[in-house]
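The following features are taken from TrEMBL:
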SIGNAL    1-25  signal peptide
DOMAIN    26-106  domain 'Cytochrome c'
BINDING   39, 42, 43, 83  heme c binding site
C-alpha cells in the first residue's frame, strides 16, 4: 500500500511540474520599452484605438485565442487586419519580449 501511495504521489508531482503553465520566456522590462516605442500609439493601456473590441486585456486575448506567447508573437511578426507586421522592424527576441510584456500586463489588467 505504501508503495502504491508513493508511486501515485510521484506521478502527481511529475504531472504537476511537467505540465504547469510555462514561464514567460522573454524579458518583460525590455518588452515594456519596445511596446512603448512601437505599440502604445494604438494599444495604450492595453486598449486598441483601431478595433476597440480587440484589446490586449486578458478576456479579449482569451476570446480571440491570443492568450499565448506563440499567438502574440505570430501576430506581431506577421501582422493581421489593420495591424502591421513588425518582422522587418523588430528582432525575434524583441518580439518575444513584447509578447511576454503583453501577457504579463494582461494578467494584471494593465495596472502596473
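Note that the numbers count up from 1, one per residue, in the order the chain is shown.
Placed from the backbone N, Cα and C atoms, the Cβ positions cover glycine too.
Bear in mind that TrEMBL entries carry predicted annotations, made automatically and left uncurated.
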- Taking DSSP H, G, I as helix and E, B as strand, the domain 'Cytochrome c' (26-106) contains 49 helix, 2 strand, 30 coil
- Message: Other than 39, 42, 43, 83 themselves, what residues in this chain have Cβ atoms within 8 Å of the centroid of the heme c site's Cβ atoms?
- Response: 38, 40, 41, 48, 50, 56
- Query: Looking only at 39, 42, which of these binding-site residues has the biggest number of Cβ atoms within 10 Å around its Cβ?
  - Reply: 39
